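Participant: When I checked TrEMBL for this same protein, it listed these features:
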DISULFID  C168-C195  disulfide bond
DISULFID  C282-C309  disulfide bond
DOMAIN    140-197  domain 'Sushi'
DOMAIN    254-311  domain 'Sushi'
Amino acid sequence: MRKDLSCHVVLKFLRTTDVTTCMRDCTDDCHGLLFNELERNCTLCASVKIETGNSDKKATAFEKVKKKCGDQTPSVSTETSQKLCPPFENKKNGKVVGESLLEGATKNLTCHPGYSPRDRNNVVSQCKNSQWTKITECAIVCPTFENINNGKVEGDTLFEGATRNLTCNPGYSPRDRNAVLSLCQNGQWTKITECIKDCPPFENNSKGNVTGDSLFEGATRNLTCNTGYSPRDDNIVVSRCQNGHWTNITECVKDCPPFENNSKGNVTGDSLFEGATRNLTCDTGYSPRDDNIVVSRCQNGHWTNISECVKAHNVAVGKNSKQTDTANGRAAACGNDGNMSTCTETTSSDASWEVDLGGVFQIESVIVRGNEEGQWISRVLTFSSVYSPSSWSAQQIIGVANVFPVYGDEIQAWAPKDIDANQFLEFEFPNKVNVSKIDIYETYHAGGVKAVKCYDVTGTWITLWSTAQVSVIKHSRIFSPSFTSTTTCFSNHIRLDIDCSQANSWVEIDAVMLHGYKDVEVYLGLSDGVYSLEGFCNWILDGDCEVQVSGENLVQFVQVKMRPSEAPLQLCEVLVLGF
């Protein structure tokens with residue numbers, strides 16, 4: 001029921017299967033009802049017939065609707081008013097404003113903070129023919145993209161999935177041609193490479209041929225030596241364009257002549273190229289005059305000096321040691337076997353080791369070796385580059401592994417900024433040891449380590465292991481290279497040389513563990529007696545110990561023992577040198 005300015009109007013709703021007719025009862029002329037008044041007073045179905053007083057005219061919004069008083073007959077007009085749209089579904093990451101469901105009504109999309117309309121020209125939906133027109137979505141946006149030096153980045157949207165494509169200026173090229181596109185993911189841009197200066201023309205090698213024509217970053221020159229010549233260093237026969245400069249390449253040097261054999265020994269090795277070696281093995285009953293020069297190397301077309309074989313003395317070198325019956329209540333058979341798992345502890349009740357030489361010899365010296373230990377990196381000394389000072393920094397390799405065994409581009413590992421063949425890491429461990437093993441925890445593009453070097457206490461670098469060809473391994477691993485160097489390195493200072501060029505991406509290192517042992521050698525002269533290692537053992541073996549020789553210069557037994565008042569000493573090897 002509604003009371004307006006001129007009469008009492010009763011609106012009736014006569015429903016059919018698909019239409020509702022609005023009618024009224026009154027005895028006087030009534031004030032005409034607007035369509036929006038009908039809308040407020042009528043429950044409209046899918047369509048509504050309204051008698052307008054004009055059979056040729058269709059009722060529309062805000063038009064006066066008239067009907068003769070006293071006419072109680074339902075309208076039979078075929079004219080149809082506005083249709084309705086279904087309720088509007090809300091949009092993810094935004095809200096839609098607008099209440100009406102009538103034909104022609106609109107809904108306006110507003111996105112939440114951090115999101116933006118994917119199509120700014122389509123943020124309004126309209127009710128047409130009982131259906132809402134399509135409307136855009138709210139998408140996450142990335143920050144404004146920073147420009148790249150010496151290049152141009154193309155792309156304009158900031159939405160999820162948007163891209164930026166890098167084009168370098170003339171005279172410059174991408175450092176990594178596989179990383180010239182950045183993608184907007186989860187509100188952040190993925191890594192993109194940089195533009196760096198191209199290289200100048202390459203100077204040829206006078207004794208060889210260099211192939212390759214590109215001057216772009218990452219371009220290579222490959223050296224092939226002429227007949228009768230060979231590379232001085234087989235590991236650097238390829239030069240690479242990096243940061244506008246060519247990396248070092250070796251030179252071609254003359255090959256060596258055939259090697260003259262030693263009359264009392266056998267020399268093995270067949271190559272005549274630069275760097276080739278000849279290894280001397282003496283016949284039975286003979287030994288090298290100088291144990292330090294039993295290998296000759298081809299250098300600049302000549303063989304380096306090699307020792308000669310001479311008649312041997314009775315030498316007990318590295319004779320296996322034998323425990324006196326038991327140690328710690330069990331049989332012990334440790335010695336110069338290189339097996340650190342057979343280390344045995346002395347005790348206060350049985351605090352000695354006895355070395356049975358198997359014969360009588362004059363003793364020159366005794367070496368006491370402690371147990372092997374593993375330790376993590378304690379300090380980074382220097383590095384070639386880092387991807388970021390805060391993420392993928394060199395400091396990530398300090399301490400225990402925290403990425404392995406996960407494989408992937410993880411910020412807790414070190415990653416270089418430059419993707420080339422000249423990356424490196426230098427670091428140190430808490431204690432100096434005789435280096436026996438290196439464990440390298442590689443967690444992204446494993447296989448890129450090309451050399452392991454040790455800075456000896458003598459002030460020289462010793463290459464423990466190297467390879468001329470790196471690989472690309474798509475899983476994490478602990479890489480423990482077998483050392484090729486025959487020289488023992490006493491140090492806590494290690495360097496890894498890393499080649500990213502094969503992977504053409506970031507090679508990432510999580511951590512490194514150093515294994516090694518400590519030992520001390522005591523020169524005994526030719527006298528019997530007790531030789532104290534106090535002080536030496538504190539430094540090397542973390543305890544006090546003694547070496548005792550018996551037998552009037554010509555001896556068969558050497559005893560190493562702990563003082564009963566001290567803590568047990570763990571021994572792995574006892575080496576006896578003499579003649």
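The backbone N, Cα and C atoms fix where each Cβ goes, glycine too.
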Participant: Around the Cβ of C309 (disulfide bond), how many other Cβ atoms lie within 10 Å? Please give the count over every shown protein chain.
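Facilitator: Step by step: centre on the Cβ of C309 (disulfide bond), count other Cβ atoms within 10 Å, giving 20.
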Participant: Reported as an integer number of Å, what is the Cα distance between C195 (disulfide bond) and C309 (disulfide bond)?
Facilitator: 60
Participant: Please report the Cα separation of C168 (disulfide bond) and C282 (disulfide bond) in Å, rounded to an integer.
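Facilitator: Between the alpha carbons of C168 (disulfide bond) and C282 (disulfide bond) there are 63 Å.
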Participant: Would you count the other CB atoms within 10 A of the CB of C168 (disulfide bond), including those on all shown protein chains?
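Facilitator: I count 23 other Cβ atoms within 10 Å of it.
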Participant: I'd like the per-state residue tally for the domain 'Sushi' (254-311) from DSSP, helix first, then strand, then coil.
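Facilitator: Looking at the domain 'Sushi' (254-311) with DSSP, the answer is 0 helix, 24 strand, 34 coil.
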Participant: Neighbour count, 10 Å Cβ-Cβ cut-off, for C195 (disulfide bond): what number do you get?
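Facilitator: For C195 (disulfide bond), the 10 Å Cβ neighbour count is 21.
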